[in-house]
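Over in TrEMBL, the protein carries these features:
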DOMAIN    4-468  domain 'UvrD-like helicase ATP-binding'
BINDING   Ala25, Ser26, Ala27, Gly28, Ser29, Gly30, Lys31, Thr32  ATP binding site
COILED    59-86  coiled coil
DOMAIN    489-792  domain 'UvrD-like helicase C-terminal'
Amino acid sequence: MPDLKLTAEQEKAIFESGHNILVSASAGSGKTFVMANRIVEKIKSGIPVTGLFISTFTKKAAAELRSRLERDIKLARQQANDEEAKYLLSQALKELPNADIGTMDSFTQRLLKTHFNVVNVDPNFRILADQSEADLIKSDVFDSLVESYLSEDEEVIKAYPIEKSSFEKLMKNFSKDRNIKGFQETVYSVYYYAMATENPLSWLENDFLKGFNEYKTYADLDSSLATDVFEALNDFFIALDKALDEALLTAKTKTKAETVSAGKQNLIKTLETKNYKEFISLFEGLDFSAWKLPAESSIAVLFKQTIGTKTNSGIVRDLIDEVKHIDLIEKYQPEARKVADDLRKFTAHFYSVYLARKLEENLLEYGDVSHLAIKILTDFPEIAKIYQEKYEEIMIDEYQDISHTQEAMLRLLSKNGDGTDNLFMVGDIKQSIYGFRQADPSLFYEKYKSYQKKENHLIRLKENFRSRGEVLRFTNKIFQHLMDERLGEMTYGDEEMLVQGNTRDYPEELNDAYNPEFLIYQEDSSATEKEGDEVSDGEIRIAAERILKLREEKEIVVEDGQELEKQVQWKDIAVLVRSKSSNNKIEDIFNSYGIPVVLDEGRVDFLKSIEVTLMLDVLRAIDNPLQDIPLVALLRSPIFQFDEDELTRIHLQALETKAYWLKLQGIMDGQMAHPHLIDQKLENKIVAFLETFEVWRKLSTEIQVHELLWKIYLDSYYFDYVGSLDNGKMRQANLQALSSRAKSYEASGYKGLFRFIKLIDSFMAQNNDLAAVNIKLPQNAVRVMTFHKSKGLEFNHVFLMNLNKRFNMDDLKKDVILDRDGGIGMKYLADFKQEPAVNTNFPYAMVKMETFPYLANREKKELSSLSEEMRVLYVALTRAEKKLYLIGKIKDSKSKKGMDDYLSAELESGLLADSFRRSSKGFQHWILALEQAIDLPITVKIIDDKAIQGSEKASLQRPNFEQLLEASKAFDGIMDQSDDIQKAKEIMEFNYPYPEATQLSSIQTPSQVKKRAYERQIELGGIAPVSEYVTSKELTLDFVQKKLTAADIGTATHSFMQEVDFHQIDLFSLQAVLDGMNLSDELKEKIDLPKILSLFDQEFGRFLIEHADHIRKEAPFSMLRTDDLAHEQYIVRGICDAFVLLEDRILLLDYKTDRFKSKADIPEIMQRYELQMKLYAEALSKAYGVNQVDKYLILLGGPDQVWVEKYEEL
């Protein structure tokens, strides 16, 4: 183990044993360090690494822990003084690849494949991880079962019988809009909830109806509303009695006050005995409304401070509304229970048939594997004993995110099979944020409380070695006044406070300059943008300007005991958002400020990306061209480039014909109302479209969907086109992924374009997405990610955006709310045709009512949801090492929606008042309320649009290539205003003298421009070139590369250079970059790191290291040019490999991997790329207003070393 000074608690966590241990490891406390060192000490004590079961939350965490252990074991062996320890550590290194380090899912799969025979499962089963494939099978099973129940197929339904009339009532209760989709969604939600329990059928049988069995009347509920009303009334009566005793009331109100005070016992008693009907009668009889006036009277003041507060009056009103119809709810409770029971039966039947179908096709979901593993260990104790004796200790990382299924597995693997002896659990309940994955933090908290009292041991790691004291002080202040067991699911007391542990890099004395900043955008009241999920432009601009200011400020860092002044790097900054919905907007605005960005670790909403959306429209149009929207989208796209004028001309040919496809067909048949509007150019364009489109339609019936997609990509050059846009690699990866998805869909036995489109549309209708695509990321860029994604990461400077966003409490409005202990809570669709007495109150025959179990589950769900939101905030705040920047939004103060909302905030028994804590208005509401209620160490600034107008200047100083293109549009179609109609007619009838312009693509890459110039040289020699738009017949869609080519190696080397961080250049750092790339081992071996390192041994390479802050990589550009023969403008789009932006000049760098044998070959390579380099240089010169652009080729394909060659200007 490294010779580091341990805290007393860390030492206990590493060395203590002999009983269960729970390590409550606060954020930044070094839990991975503790776990790794405990494992090393176990090895040194004689326990083999294969005798430990080590569970991690993710595969990535498992890989990182395994890598860390390899390093730590080697170091420990090197430092060991005795031979036995060295031998044990050497053995551990050999056994490490076989150690059980991984996720619970990985272990259960191995266990099932080992003992498959005892549960009659094929060991070659495949995990059904593809959601689209799973949905297809589920849908088939569901549809088949529904049909069986409606047709009363006794053979099928005998295991779970439901009468047809009852089944129809069941479907009707949960269906919407005259279809059974709502019922289907309900069944799926119950199914997945059951799958998160250790035995789904047992939970459905024994726990599903618990709520209906326990809550038969409203009085059976533990109503928090009633409790809150009781407390408010009690406060009022205490104040009233005090006023009477001290003679504070006027004679006019004293008599009335005495009467009310005398009747308080009866009123309070009705709440204590839960006689809510009587309470309403007595309470309304008091006529509190008469007490509000006059406002200055003492009784009015008492009322206003107690019952009459906005919060308390709302609570009383809610209680009255909730209990008003309890008699009716009680009456319909048995009918509701019957519907719930039928839902239980149908879901259990669905579970059984769906599982049988999966087993039949040799498929299993992760949940199935876990349940079968539990069955093996439960039903076959001799197998369980093998593992119980094998593992000396069960170690669980991120224990706060454990589910009940995983808890059952750990218990069965422990020494005695009961979880009472050899468990080592590490986690932090304050960071439990995966409730939507059925993680249950109560499992952690129950041990947290009980281990303080029993023989098992609780160890708290409170020291935070990540953050400055100012970050920790702010975090502690927030949560000590926000969390308790009822709302927060734990008390944040002295033992939970974060303590600064890093006093080497950060001083113990606090500096207010590092206090968090709350930058609040004051939105103009006339703005049209609504508050909601999306971040406003103003908030993003505030963040961007603060980031640029942060970059200008030098910060003090400690290196080797010395204080140094350094510039903040882009990679030191993270922007955390509540959701990904505004990522593209953030990227666009940040780019306009010159801020490099990586969104969501390189992931995007796949189905919502522009390129995938267009391809789906192409497929929809091919499948059914009578659909106007996808067809017109295809015509308007960069593939065929019909503009609005041309589309309008086509539309006018047949106004009576609705379908756009039929209008095109009519033009081809000569059926045109206004033939003069279809000139030869447009007709040629239509013919070209129809010819290509008909080929695709024909092929759609002959080849598979994934083959059709690649045919479209290649025919249209769309794949190349998107590659030249911003984030081109990501866009191309998305298109490749769409094809892969289509191939997976067809491999599952499903065929046809129509079904594939239907599947994708169903995903989009449910706001689901397919798996995101990963690409290589730039290293020095601001990271933008969600709060959840940031867990486990750390950054020097952290910006929290969109804090005004309301919490998502939609689950509280659903027809079904499930609870592990209470089972189902549901709304019941009651038929009120038989209730004439209530017709005046309920004018509809069918009324959906909330049942008592629903009210109980909703209350628990609300508290647990708000508690998780608190933990999400804790995770976000503790990502910062140096400073926090909070970004929020309020309405203009003129609209009375500004800071006034927080003025009434106060503490109650040390906690923020419940009216604020139980609010769903968002993190901003909590933080600003606490800022008002206590002395919160934070700087609050309200910023309006006038204060952020400087963004325009910043944008001009950091030109964006796309802005150049936009500016050029002002010159399109300029025409002398003095021209008369005759001149216009002449122009329209003029024969076009430049036919070559009709063959000129409106958007070209530098490679295409180079190719076009080369083709013209050939034409002059009398040889006609082959058009680049004719697809080669030799090209096959099923091409498989079996052997690495020079092009593969060149592409990989080129990609590697884009990942290199020029701030730190040595063989070790280059190897680390290579290890982190998504390349095959064979390719990695082909990348010559010593040769690449030779670049930085040269003077030019050292220059690059010195100017690393000025290097820009993979910069996209767009530039207007004029073709010298066609006399037409076209757009050149491309991506520069890299350039160095200096004050007086720009150094353009282009990496080339062309192979050459000697220096004599270099001039030919230089000539080959001369035109391309000129285009790049021209674009940079125009964009930055710099005259001198030096052009360098970095030649990576030569012998022995990297060659740097400069183009000399003539």
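Keep in mind that glycine also has a Cβ here, set from the backbone N, Cα and C atoms.
Recorded features from TrEMBL, shown on the structure.
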residue	record	Cβ contacts under 8 Å, 6 or more apart
Ala25	ATP binding site	Lys31, Val34, Val426, Gly427, Asp428, Leu461
Ser26	ATP binding site	Asp428, Lys430, Arg460, Leu461, Lys462, Asn464, Glu496, Leu498
Ala27	ATP binding site	Asp428, Lys430, Gln431, Asn464, Arg466, Leu498, Tyr874, Val875, Thr878
Gly28	ATP binding site	Asn464, Phe465, Arg466, Ser467, Leu498, Gly501, Glu794, Thr878
Ser29	ATP binding site	Leu461, Lys462, Glu463, Asn464, Phe465, Gly501
Gly30	ATP binding site	Gln10, Leu461, Glu463, Phe465
Thr32	ATP binding site	Glu64, Leu65, Arg68, Asp397
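Of the chain residues outside the ATP site list Ala25, Ser26, Ala27, Gly28, Ser29, Gly30, Lys31, Thr32, Val34, Asp428, Leu461, Asn464, Phe465, Arg466 have their Cβ within 8 Å of the site's Cβ mean position. Counting Cβ atoms from all protein chains shown, Lys31 (ATP binding site) has 21 others lying within 10 Å of its own Cβ.
Confidence for the coiled coil (59-86), expressed as mean pLDDT, is 93.
Look at Ala25 (ATP binding site): DSSP puts it in a strand.
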